[in-house]
Amino acid sequence: MDFLTLFLIYLCFVLAVSALLCLCSGRKESFLARSVNRASQVLSLVIPTQLQRVTHRALHRLFHTRSCLFVVLHIALQAAVFGEYTWEVFVYCWELQFHLLPLLLPYLLLAGNLGCFLLCSRANPGTVTKSNAASLVKVYAYDGVLFQRGLMCPTCTVEKPARSKHCSVCRTCVHRFDHHCVWVNNCIGACNAGVFLLYLLSLAATAGAVAAVTSALLLQLLLLSNLMHGTYLDAQGQEQPMEIPFLVQHLFLTFPRIVFMLGFVILLMLVLGGYCCFSLYLALTNQTTNEWCKARRFGGSPCPPSQPQGRPLVYKNIYSKGIWRNLKEIFNPPTVLERKKK
C-alpha cells in the first residue's frame, strides 16, 4: 500500500472520529456514551484502583478546574507552526520571489487572533452576582421549557436569569452561558461571545492562509524540479508518468517538516472551519451551545409544572429576532433599559 493511500486512510479516520464525536455530543445516553461507560466498567476490573484514582484526579484537574495548561499548549502549537513557517516556508518563498503581501498575511491574521484571544480570556463573560441578578432576570424572557422562572442556583444562592447557567469550572453563574472554553481558560457568555466568534474566525483564517502559502510553495518546487512532467521507472523497469502518490511521497521525503506542517494545518483548518460554521449558525439563530444541546436532549425530559401532562411539550426558540438583530445582539448584548424600550 503506497504512501498516499495510507495518508488518506489516516485522514479519513481522524475526520470520521471527529464527526462522530460532534454528532453524539448533544445526545443524552447516546451510543457513544454507552460504549464509553461500558468500556470504563470493563477496564475498571483490570486497572488497579490506585491508578484509577490518579487518572480520575488528573482528568478532573484538566477539564473541571481552571488551568493554564491548554492556554500554554495553544501558544506552543502556534509558536511551532509559525516557527516552521518562518524558517522554512517564508525563506523559500522569499528566495523564489513570491509577492510580499501573501507572505505577511498569516502574521497579520495572527496578530488579530492573539488580540481576540487576550480579550476573550481576560474579559468578564457576564458573571451573575447578588447585586446584578435582579436586573439580569429582566433582560430575557423565560421560555417555560429550557428556563423556568423562580429557580435558584444552590451554589451562588441567586435567582437564575433566563439563558444563564452555573459553570462548575469557574464556580459562578454566567449570563447567556454558551460553554466553558479550556483553550481561553474562560467561560463564553453574553459579554465575550462576540470576541470569541472573532477569535474562531481569525484562527481559521490564519490556518487557511498558512496552508495556502505552503501549498503554493510546494507546487512551485514541483514545477521547478520538472517532476510533474517527467517519468519514473516502475518495479518492472518500465517508464511510467509521474502520478500524484509519487509526487506527494517525493515531497514528504524531500521536505518532511513542511509537508507535516501542511497536513496538520489543513486538518486544523477543516476542524476549525466546521466549528466556525456551527458557531455562525448559533449566532444567526440567537442560540447558545448550552441551549442547542438542551434542545436536542429535550425529548426525554419531564414536563414542567405549568405544562399539562397529556399535552406534548414542544421547544421553540423565542429569542431569535432575525439575522441582523441576532448578530447585533452577539456583539452588543441587550440591557434592561433596551428591553423596556422595545
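Cβ atoms are placed via backbone N, Cα and C, with glycine included.
DSSP states for the domain 'Palmitoyltransferase DHHC' (150-295), grouped as helix (H, G, I), strand (E, B) and coil, give 80 helix, 20 strand, 46 coil. Positions annotated as domain 'Palmitoyltransferase DHHC' by TrEMBL: 150-295.
Among the features that TrEMBL reports, transmembrane segment is placed at 6-24 (among others).
Residues or ranges marked as transmembrane segment by TrEMBL: 67-87 (among others).
Look at TrEMBL and you will find 99-120 (among others) tagged as transmembrane segment.
Within the same chain, residues 81-82, 85, 89, 92-93, 96, 98, 102-103, 105-106, 109-110, 112-113, 116-117, 120, 178, 181, 184, 188, 247, 251, 255, 258-259, 261-262, 265-266, 268-269, 272-273, 275-276, 279-280, 283, 330 sit at least 6 positions outside the transmembrane segment (196-223) and bring their C-beta atoms closer than 8 Å to a C-beta of that stretch. Taken from TrEMBL, the feature transmembrane segment covers 196-223 (among others).
The transmembrane segment annotation in TrEMBL covers 258-284 (among others).
With a cut-off of 8 Å between Cβ atoms, the residues of this chain six or more beyond the transmembrane segment (99-120) that come close are 74, 78, 82, 85, 90, 93, 181, 184, 186, 188, 192, 195-196, 198-199, 202-203, 205-206, 209-210, 212-213, 216.
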